[in-house]
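Colleague: According to TrEMBL, the protein has these features:
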type    : residues           : note
BINDING : 144, 162, 171, 207 : [4Fe-4S] cluster binding site
DOMAIN  : 7-297              : domain 'Helicase ATP-binding'
């Protein structure tokens, strides 16, 4: 792998880096050398993750060499000659040095999800730095292999059960960690992601969760999700040390929200009541069973975790806290108080700085007792108590005077009354029974509105540098002002794709002339919804392979689905591209993605359509490269709910800051940016590498606004083209795909996700390509007959002016593939004799607008394919085949082939198509067909 010198640091890279990658690595190293923070934007597909890992680890290795050299020669006063020169070079490469007593720095690499972390670790395994010591931190949900604890559905209960078993040394897997932690399978040369670690744990019969903590001690780079880093409680629980370490926040377009949410909390009066009920339950157990039996799980020589007097005091505190919340004056729309109001509420319950730690410890002991006192799932598990602990941990995350002053500036306390009938959330069988005397409950919200609050807490831990990076961070100036930390290095990288690889259209009207505008006043308009559906239907005919459609929210997507189904639009789209819908439940998501991917790779289909929502799982972190995503349609702007109390207060908070400091965003500017950042993230699902191509279709007239255009990703703005006539737009998109397909290399299909099930799904079938006498298998049949307008019926749902002369030879020649034809066109002998050689074996009958048959064409076009024989030039004996009607669709054709062949033969048939797609060896393909389909 080539080494390149960047700012005095030798960086080993798998290939010669692009200019954008060199620039990116240069900025990373600049940040590390100067001990400063950086914000780096580089579009998806520019190799951001690989560049980030290689440059940061290259700097780290040089830094380690410098510290080791200092340790070895530090006692010698004479640093002249070779040794002195080497020390000087190392110092110049690594830059400013912190206090030497802080030791060797580590890299903490953080991202939003575990799947994104796994992808980053896979990149590391493929690089020259696969020898570095790496560790990954995960949850017990992912790592626990204890047969009892792992089956517990509630995460808090799982944590408490685990902690008690560890404390009492009754977990066999934990007890083995000490003896197995130095095993070669654990501390060998291989980098272990979460799946690898679980596999090793099962093999060695030791706990993967605690193995990861052991690996963390000696690791050069530690991978972890955001909340482990940004949430003070999680940071403490996982032993994350920040002093002198480098913090990398990848996919940092979410970092503002994550900082705010990790420092915020909501609690209901029913949670407080449940907490009181749980304390009472334990008190009754004391009176019924005696204290000795209650403490049977604890060593008699150890002090008791709690006494009956402790429980009485704690119950008094919770009753006082409940009364304090109930006594708050609440208006019809809720009431808002300064952040410091939370300390006043808790002080009424006698919970203050000096005793909050003792209260938290006692409640945690109670939770452990309740979680393990009974194996029945119907028993109380400490859910209400856990809510109180979470509240106290957030409120008392700092106790200094400066911390409380920041709380007053950055927080608001909001209290609202909610009808119980509208509260669908329950906490399981242990929840309190409804009190008929109380028809309402109160929700106490403790909200942080400054992402800088959490970022400054990181800086206070004496981190060396914080690097925030993503493909969608722009505009950078308002982001920097919100984060509230000094930023010494900035970068907005361009994309590496060329103009013939991207087509961006703003489509303000549907095919029927109805304005496309998804604002609040128009989103329930039946004419708009119908026009949007017809727009998607029209594009589904011309977009090859995978089509992604993003809606502003789940309710809007569900509303459109319902109306399109009633009007038949849904059925029409589904007949062209099978539709997959993003589920709201996480447990079915992976299966649906897998099915979508399988449909894309199936050569007998015309691709698939995935309908999803902005800010959903599909829009975050998934890779729809090449055929998996040839176009993304944005149906509207995903603004946050305008009347949501948290949104209202956030806008008000920013407006107040703006009055003090002009560099801050106004509330309206932030509100607009929230929508466009979500759009930018959804757009980033397509065009994932230098040879990829795709269309971005913005189907909302509001995108014409210069303000909104300016908030789209910088690399995208120069390609934006406003659509005038719908028909002309469709024609331009047709030509775009035709030209891109001819100019760019054929793609290789890759799995969408990095988990094990999807690793096994990598298939190289993506349509078949043949030179000269043969055309692209399924694509040409789809494209030449159905996607390009050759009949009034096909494009009856939009302007026909552009297409009224579509039967002319000039028009036909414009849309006919010049060099290739599809597989099925290569297997028919009945037509196209005037345009191809006698060796052309198959073609689909062409039709023009003048054909009499068009009068009776159905919406789902059907074609008859005559049986084929082999030309004598292919050394195959002619035979008399009785002509019969072939299957009426390509899907049926492939099904009939599957029926005729044995399973092993059918696999060989699929393999021959894939091989032709990759290698273009027509003779080998026909030879295989001759073997599979011998003459009789």
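Placed from the backbone N, Cα and C atoms, the Cβ positions cover glycine too.
Curation does not apply to TrEMBL; its annotations are automatic.
Mind running through what each feature is packed against?
Modeller: Around the Cβ of residue 171 ([4Fe-4S] cluster binding site), the number of neighbouring Cβ atoms within 10 Å comes to 22.
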Colleague: Including all protein chains shown, what's the count of other C-beta atoms within 10 A of the C-beta of residue 144 ([4Fe-4S] cluster binding site)?
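Modeller: By my count, 25.
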Colleague: Once the chains shown are all counted, how many other Cβ atoms turn up within 10 Å of the Cβ of residue 162 ([4Fe-4S] cluster binding site)?
Modeller: 22
Colleague: Under a three-state reduction of DSSP output, how is residue 171 ([4Fe-4S] cluster binding site) classified: helix, strand, or coil?
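Modeller: In three-state terms, residue 171 ([4Fe-4S] cluster binding site) counts as coil.
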Colleague: Give me the long-range Cβ neighbours of residue 207 ([4Fe-4S] cluster binding site): same chain, 6+ apart, Cβ under 8 Å, in sequence order.
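Modeller: Non-local contacts for residue 207 ([4Fe-4S] cluster binding site): 143, 144, 145, 146, 171, 173, 174, 176, 177, 201.
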